[in-house]
Amino acid sequence: MNWQEMLDYIVLHWQRIIEIVSVVFGVTEVLLSYRNNVLLYPAGIISCCLSIFLMYESKLYAESGLSAYYFIMSIWGWIQWQKRTRTSTHLPITKANPKDWGIVTAICLGGFVMIFLILKNFTDSPVPIMDAFVSATAWSGMYLLARRKLENWILLNISNIVAIPLLFYKGLSIYALLTIVLFIVAVFGYFKWKRIMKAENTETALGSFDIQMNR
C-alpha cells in the first residue's frame, strides 16, 4: 500500500479509525485508573475529545454531551488528584460521606430529568429513558472518581451495564465491547481501591500514633 492508497483508506474509513483510537485511549484510561495512576486523566482527555467529535458526527448528541462532561471532569479530577494533604502525597481514597451522596443524588435525578426532557422534546432519540439514565449515572460516577471516592466504581458500573445493550442497539459495537471491558475492570478496580484505602488508613493511623508517642 502506497501513501496515496493509505490516505484514501483513511479518508474512506476515518470514523472507524477515530473510534478505534478513542477506544484504545479509553482502555488505557481505565487500566491506569485500576492501577491508581494519575495518568488516567490525560488518556481520558484524549479519548473524550475524539468521542465528542465522533458522537456529534453520528448525531448522537446525548453521548457527545456526556463525552464533553467527561472531558471537563477529567481536567477537574486531574487537579483534585494532585492536591496534597497532611498525610498523603495525593488526595487519599475514601468512602463517600452523606454530603457526597447528596450531591450524587442531585446529579443523578437532576441529570436524568434534564437529559430526558431534552432528548424527548428536541431530538428524535428512540431510547430517551435509557440514554438519560446512562448519562446521569455516569455523571455521578465521574464526580466520585474525581473526588477519589471508592463508590465511583459502583456508579460507573451501573451506567455501564445499561450502556452495553444500548450501544449494541445503536450499532456502536466497538464502543459496546469497550464498555464490557470497562465493566470487568471496574469490578477489579473496586476491590483494588478498597485494599489501597485500607492500607492508606493503616499508614495514617500509624503515623498519628508515632507523632503522639514522640511528643
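Keep in mind that glycine also has a Cβ here, set from the backbone N, Cα and C atoms.
Features reported for this protein in TrEMBL:
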type	residues	note
TRANSMEM	12-32	transmembrane segment
TRANSMEM	39-56	transmembrane segment
TRANSMEM	62-81	transmembrane segment
TRANSMEM	101-119	transmembrane segment
TRANSMEM	125-145	transmembrane segment
TRANSMEM	152-168	transmembrane segment
TRANSMEM	174-191	transmembrane segment
Long-range neighbours of the transmembrane segment (152-168), counting only residues six or more past its ends (CB under 8 A):
104, 127, 130-131, 133-135, 137-138, 140-145, 175-176, 179-180, 182-183, 186-187, 189-190, 193
Intrachain residues whose Cβ lies under 8 Å of the transmembrane segment (39-56), provided they are six or more past its termini:
15, 18-19, 21-23, 25-26, 28-30, 32-33, 63-64, 67-68, 70-71, 74-75, 77-78, 81
